[in-house]
Amino acid sequence: MSSNEAYHEPGAGGDGPGGSSGASGGGSQRSNQLHHQQILNETTYLKPAAKQAYFSDEKVLIPDDDSTNVGFSFRKLWAFTGPGFLMSIAYLDPGNIESDMQSGAAAKYKILWVLLWATVLGLLMQRLAARLGVVTGLHLAEMCYRQYKRLPRWILWIMIEIAIIGSDMQEVIGTAIAIYLLSNKVVPLWGGVLITIVDTFTFLFLDKYGLRKLEFLFGTLITIMAVSFGYEYIVSAPNQGEVLEGMFVPWCSNCNSNVLLQAVGVVGAVIMPHNLYLHSALVKSRDIDRRQTKKVSEANFYFFIEASVALFVSFIINLFVVAVFAHGMYGKTNNDVVEVCKDKSMYEDAKMSFVDNVNGTAIIDADLYKGGLFLGCTFGAVAMYIWGVGILAAGQSSTMTGTYAGQFSMEGFLNLQWPRWCRVLVTRCIAIIPTFCLAMFSKMEDLTSMNDILNAVMSLQLPFAAIPTIAFTSCAAIMGEFVNGLGNKIVSILLTIVVIGVNLYFVVVQVENMEIKGGLLALVCIFAILYILFNLYLVIHMAACMGNQRLMNSRWVQRFVLPSQNSFSIKNANSTYARIATSSDQEPEGLAGEDA
């Protein structure tokens with residue numbers, strides 16, 4: 001029996017650990033076969049397939065310090081360090097950097113507290129995703145494969161793929177703009193878009209050199225971003241008192257609708273749907289003995305500390321960007337920036353980019369390219385090139401983690417494993433074709449303004465990651481003793497409602513700004529109805545996961561919502577992934593050579 005059978009959808013009639021054993025003789029043997037098939041289908045010890053992303057060749061061993069009776073071990077923390085920092089890169093992609101710029105230019109430091117609390121909310125959601133992977137040994141997409149019917153599972157996969165491709169387009173745009181700046185416009189935007197194809201495949205082969213070396217590379221890219229944007233923060237020297245006030249005073253006096261929209265955009269940019277799928281899979285790279293409750297608790301503890309540190313670093317980097325452009329661009333018009341650039345080499349570029357209206361009162365609409373020009377005019381060419389290096393690091397690191405997220409999504413939802421190069425070729429081509437056309441035939445403004453549309457698209461996908469995460473981590477049959485408590489459930493649901501509501505508001509405003517009419521408006525309305533209905537379906541499933549007996553006993557819910565023909569399901573509370581301790585490497589007696 002191949003190791004890939006651990007991914008097959010369970011067949012009918014399998015008995016859980018608490019189920020009946022059947023008759024003696026042949027019935028008993030068949031019962032044992034079915035019980036073993038359940039273990040193969042739902043084991044926490046998944047033998048990595050040859051093409052599985054990220055951790056196919058090795059797992060990081062966790063040092064055993066139990067004999068020394070050490071309460072907190074930095075050796076163990078170091079062993080668990082890696083997945084959280086890879087996850088945090090999604091908080092630092094070019095779309096986030098541009099959102100930081102725009103919020104600083106529009107509201108100065110007034111909505112820094114929104115960035116802070118959005119990061120905290122993101123941490124709480126990432127904690128749930130990581131716990132799911134640690135406790136069950138299955139990541140979020142693999143769990144969706146087991147817990148949803150075929151049609152909703154496919155819809156979920158399509159939605160997450162849209163989010164991944166949207167994020168990939170932002171990364172392509174950011175990388176192309178960075179190359180354009182660093183090459184002093186020698187490499188055109190469309191050339192930078194094409195270069196992203198080549199460099200992505202180059203990076204894909206780096207994980208062949210070892211898991212820890214790959215994680216070190218990601219850490220290096222984060223360090224480059226911290227140094228680059230930290231340099232800009234130091235040379236711009238914003239008022240530290242105002243920065244602290246903006247962080248810790250949750251208020252925004254004299255803020256107009258544009259500032260409110262920027263605040264909503266910050267939340268939408270920070271909390272990325274595909275990142276929950278990514279993080280739940282990355283934690284599987286550590287060798288954790290799930291048969292021991294103590295080891296699982298320990299892993300949850302150290303992963304949470306690591307994620308907290310990683311997101312703290314990402315928050316500081318985002319803070320640097322907001323503060324730099326809040327200090328330099330807030331309240332200024334395009335003409336003000338052009339005046340600053342008057343005696344600089346980038347004066348002509350500034351005149352073409354910072355175009356003012358007739359009255360000379362147009363407020364700056366910040367984007368990645370304009371940010372580089374502004375820094376170059378204000379602090380010299382070195383500042384512009386350092387900005388370009390930071391954006392390049394953001395684009396490259398996000399590209400790689402996006403590739404892994406796509407690989408995990410495809411492996412989990414479809415039980416399909418493609419080689420990484422094939423997966424990247426398909427995703428990257430889908431992202432590059434529209435981006436290349438814009439870069440080839442449109443202006444820089446069209447390329448950068450696409451980020452707003454992409455942020456709106458990704459905001460729509462958030463429920464398709466948040467609701468399954470809360471549902472599975474709140475299900476006792478899945479999480480065992482690690483299930484969310486009542487307080488955790490209430491807080492998670494309330495926070496998710498707030499975040500999803502904020503994101504939907506952002507989407508509605510963006511759609512209104514597009515002034516959609518006629519047949520296209522009718523299509524948008526139909527999509528909105530289907531979108532609401534599917535979210536309602538996911539909420540019903542979540543309520544059943546949380547133990548709502550009325551829903552679980554409903555024939556309609558049993559037929560259309562709950563997993564069927566699955567010995568492990570939310571209907572079988574005696575069977576938990578956390579307590580299965582059988583390796584799929586061993587074939588039990590009576591099953592050798594049998595195709596289960």
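Including glycine, each Cβ sits where the backbone N, Cα and C put it.
Residues or ranges marked as region 'Disordered' by Swiss-Prot: 1-34.
Marked as compositional bias 'Gly residues' by Swiss-Prot: 11-28.
Feature annotation from Swiss-Prot assigns N-linked glycosylation site to Asn41 (among others); the stated evidence is sequence analysis.
Same-chain neighbours of the transmembrane segment (77-97): 60-63, 119, 122, 126, 130, 167, 170-171, 173-175, 177, 211-212, 215, 218-219, 221-222, 225, 269-270, 272, 274-275, 278-279, 282-283, 285-286, 299, 302-303, 305-311, 313-315, 317-318, 321, 368, 390-391, 394-395, 397-398, 401, 404, 451, 454-455, counting only residues six or more beyond its ends whose CB sits under 8 Å from a CB of the stretch. Residues or ranges marked as transmembrane segment in Swiss-Prot: 77-97 (among others).
Here the transmembrane segment (105-125) has Cβ contacts under 8 Å with residues 91, 238, 242-243, 245-253, 255, 258-259, 262-263, 266-267, 270-271, 275-276, 307-308, 311, 314-315, 318-319, 322-323, 325-326, 329-331, 363-364, 366, 466, 469, 491-492, 495-496, 498-499 of the same chain, all six or more residues outside its ends. Annotated transmembrane segment per Swiss-Prot: 105-125 (among others), in sequence order.
Taken from Swiss-Prot, the feature transmembrane segment applies to 154-174 (among others), supported by sequence analysis.
Listed by sequence, the residues of this chain that lie at least six past the ends of the transmembrane segment (186-206) yet keep a Cβ under 8 A from its Cβ atoms are 171-172, 175-180, 213-214, 217, 395-396, 399-400, 403, 420-421, 424, 428, 432, 435-436, 439-440, 444, 447. The annotation transmembrane segment is assigned in Swiss-Prot to 186-206 (among others).
Residues annotated as transmembrane segment in Swiss-Prot: 216-236 (among others).
Marked as transmembrane segment by Swiss-Prot on the basis of sequence analysis: 263-283 (among others).
What Swiss-Prot records for 309-329 (among others) is transmembrane segment. Below 8 angstroms of C-beta separation, residues 84-85, 87-89, 91-92, 96-97, 100-101, 103-105, 107-109, 112, 115-116, 119, 122-123, 126, 222, 225-226, 229-230, 232-233, 236-239, 243, 246-247, 270, 337, 364, 366, 371, 374-375, 378 of the same chain, each at least six residues beyond the ends of the transmembrane segment (309-329), sit close to that stretch.
Swiss-Prot lists Asn359 (among others) with the feature N-linked glycosylation site, giving sequence analysis as the kind of evidence.
Swiss-Prot lists 373-393 (among others) with the feature transmembrane segment.
Beyond its flanks by at least six residues, the transmembrane segment (424-444) meets 164-165, 168-169, 171-173, 176-177, 188-190, 192-194, 196-197, 200-201, 204, 353, 367, 369, 402-403, 406, 450 of its own chain at Cβ-Cβ distances under 8 Å. According to Swiss-Prot, the feature transmembrane segment maps to 424-444 (among others), an assignment based on sequence analysis.
Per Swiss-Prot, transmembrane segment is recorded for 463-483 (among others).
Annotation comment: Swiss-Prot describes 490-510 (among others) as transmembrane segment, evidence class sequence analysis.
Tertiary proximity for the transmembrane segment (520-540) is limited to same-chain residues at least six positions away from its ends with a CB under 8 Å from its CB atoms, namely 152, 155, 460, 463-464, 467-468, 471, 511, 551, 557, 561. According to Swiss-Prot, the transmembrane segment annotation covers 520-540 (among others), on the basis of sequence analysis.
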Are there residues at least six beyond either end of the transmembrane segment (154-174) with Cβ under 8 Å to its Cβ atoms? List them, or say none. 90, 93-95, 97-98, 141, 144, 148, 193, 196, 272-274, 277, 368, 391, 394-395, 398-399, 402, 405-406, 409-410, 413-414, 427-428, 430-432, 434-435, 447-448, 450-451, 454, 457-458, 460-461, 464-465, 468, 534
